């Protein structure tokens, strides 16, 4: 599944293609969305934003298209009138005079009003977005120590979107390496210095991944172009201590770490 940085980079491309432009053609695959096709033609795309791994497309008539890529969804930008050859199922087409954005394979798609947006179950459940620049390490520190999070092992907590939105497996792996923490630890077990280091890493690593423009293709959403320290490097030497990086399964996901310096 693509993580927060990949979703935000995809959104950046969509923004460049259609925001501020008038829609000339709208098509939805799902019957419940069909009534909105005619309504949206002639409207402008005002904004495209992300909340964790969800993408929100705002229109000038105050409708908001909610979509979540889940495992297989992917957005593409094409020229107006273009229909790429693909085995994927097209779900959404939003076209302007010159460009079109296409959503393939996703199944979690809804049209919302501003009021419904504030009560949407997924958006209500998720925590602060790690790519929101107003989120500070001090706020993350406080969140780590909340009663519902402070005794949960990091192996599961860092995958829980209710804790911080936008984190995923490669970020979990790299954050814990950066903080020199083993995955079985909890916030309640850490000292002040460890909590501060982890709080910094929880924001620095996702933002580094986003800012260094990771590469994404249809089948591999994990390839950010910054130096992975442990992710997919099992059997190699840890650059920090020289120990051997290991791979295991935690919370049903592959986990990479250096047992020698992550304690």
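Here, residue 1 is simply the first one shown, and the rest follow in order.
Note that Cβ sites are derived from N, Cα and C of the backbone, with glycine treated the same way.
As written in Swiss-Prot, here are the features:
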ACT_SITE  2  active site, schiff-base intermediate with DNA
ACT_SITE  3  active site, proton donor
ACT_SITE  53  active site, proton donor
ACT_SITE  253  active site, proton donor
BINDING   70, 125, 169  DNA binding site
ZN_FING   229-263  zinc finger
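Annotated features taken from Swiss-Prot, shown on the structure.
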| residue | record | Cβ neighbours (10 Å) |
| --- | --- | --- |
| 2 | active site, schiff-base intermediate with DNA | 21 |
| 3 | active site, proton donor | 24 |
| 53 | active site, proton donor | 24 |
| 70 | DNA binding site | 13 |
| 125 | DNA binding site | 12 |
| 169 | DNA binding site | 20 |
| 253 | active site, proton donor | 15 |
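Here residue 125 (DNA binding site) is compared against the active-site residues 2, 3, 53, 253, and the shortest C-alpha distance is to 53.
In three-state terms derived from DSSP, residue 70 (DNA binding site) belongs to neither a helical nor a strand segment and is classed as coil. Cα separation, residue 70 (DNA binding site) to residue 2 (active site, schiff-base intermediate with DNA), rounded: 8 Å. Cα-Cα distance from residue 169 (DNA binding site) to residue 3 (active site, proton donor): 8 Å (rounded to the nearest whole number). Taken residue by residue with DSSP, residue 3 (active site, proton donor) is part of neither helix nor strand, so it is coil.
Of the recorded residues, residue 253 (active site, proton donor) and the residue listed as 'active site, schiff-base intermediate with DNA' place their C-alpha atoms 14 Å from one another.
Looking at residue 3 (active site, proton donor) and residue 53 (active site, proton donor), their Cα atoms lie 6 Å from each other.
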